[in-house]
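**Student:** First the structure, then my questions, so here it is.
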Amino acid sequence: MSAGNHSFVTEFIIVGFPGLQPEFYGLASTVLFLVYFCTAVGNVIILVLFATDRDLHKPMYFVILHLVVSDVLFSTTTLPKIIARYWFQAGAISFTGCFVQMYLVHYFGTVNSYILFIMALDRYVSICFPLRYPMIIKNSTIHILSATAWIVAKAGPLMMVIRAYPLPYCDSNKITQCYCDHIAITTLACTDRAPYSFPAFIFAMLALLGPLAFIIFSYCSIIVAVLQIASTQGRLKTLSTCSGQLIIIALYYLPRCFIYLSSNIGIRFSTDLRIVIIMLYSLLPPLINPLIYSFKTKHIKQSLMKIFKRSTAPQ
């Protein structure tokens, strides 16, 4: 369809939580601002540690670096607009701006999925093939894999935007969501959504389930390898190196798969509950990942302690 078909809608209005009463707008914006502030501070600290401590310039930490960058960019793409909507009642976003945000939301989400795949690959080789790890996983290997993830992730979201942008948007312009995403936008189109939603669903499942399948395989292999370790202490030490990553992976994949599947197989629940779940899986990982890195990753913890001791030592 031609671009003129959407001329009835020149901007979209981000509604956020439709059931939220106006007297709670200030509280909602404050909470969202604190989440964004803490996310930015936590991830920037990790970036500063990486920039100042050469001991962190190792394959596993380069993977974490890419995840940190993706988390910060995702939060910056989604949160400022919904904060403005509740803080200043500025929920309007231009037609083109909404599609740009949609592209970035799905792009950074896809990048995260691929980076988690690389993280699982690193742990798989490290534990299942420890003697060959230095030969297989090098800094250059991680750079190539990560660059590939950032490049390949562009294709799916770009396809979704190209197909959704020309649709006729001639009725409501209110997006019942906290940011522009494919489902929220295409639901407003004055045409049959099925030909556009199904390919997007297939892409989402490939971007999620493809890496997730390898992640499940890798951690099953890791569990088998750990059970072959003779000492109990050795088993616990090996498992502890994976526990933080397992938490990150579970927070990212489980709620996303639930939302995508429920949207396409007919499971119904309230709009507000659905948005709460989406916001939790969108905001929680970037918020708590720095804490997981700090407490579950040995060298990052040591680097933080060195800075803390240096700052508190008497002059």
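Yeah, the Cβs are placed from backbone N, Cα and C, and that goes for glycine too.
Pulled these from TrEMBL:
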TRANSMEM  24-50  transmembrane segment
DOMAIN    42-293  domain 'G-protein coupled receptors family 1 profile'
TRANSMEM  62-83  transmembrane segment
TRANSMEM  103-121  transmembrane segment
TRANSMEM  142-165  transmembrane segment
TRANSMEM  201-227  transmembrane segment
TRANSMEM  239-261  transmembrane segment
TRANSMEM  273-295  transmembrane segment
**Student:** Counting Cβ pairs under 8 Å that are 6 or more apart in sequence, does the total for the transmembrane segment (24-50) and the transmembrane segment (273-295) reach three or more?
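**Tutor:** By the criterion, they touch.
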**Student:** Can you work out which residues elsewhere in the same chain, 6+ from the ends of the transmembrane segment (201-227), have a Cβ less than 8 Å from its Cβ atoms?
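**Tutor:** Residues 109-110, 113-114, 116-117, 120-121, 123-124, 127-128, 153, 156, 159-160, 235, 238-239, 242, 246, 249, 253, 256-257, 260, 263-264.
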**Student:** Looking only at residues six or more beyond either end of the transmembrane segment (273-295), which have a C-beta under 8 A from one in the stretch?
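**Tutor:** Same-chain contacts beyond the flanks: 16-17, 35, 38-39, 42-43, 45-46, 64, 67-68, 71-72, 74-75, 78-79, 112, 176-178, 244, 247-248, 251-252, 254-256, 258-259, 301, 304.
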**Student:** Near the transmembrane segment (239-261), which same-chain residues lie under 8 Å Cβ to Cβ, leaving out any that are not at least 6 residues past its ends?
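**Tutor:** Distant Cβ neighbours of the transmembrane segment (239-261) are 67, 109, 112-113, 116, 119-120, 123, 126-127, 201, 204-205, 208-209, 212, 215, 219, 222, 226, 267, 274, 277-278, 280-281, 284-285, 288-289, 292-293, 295-297.
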**Student:** Please give the average pLDDT for the domain 'G-protein coupled receptors family 1 profile' (42-293) in this predicted model.
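**Tutor:** The answer is 86, the mean pLDDT of the model over that range.
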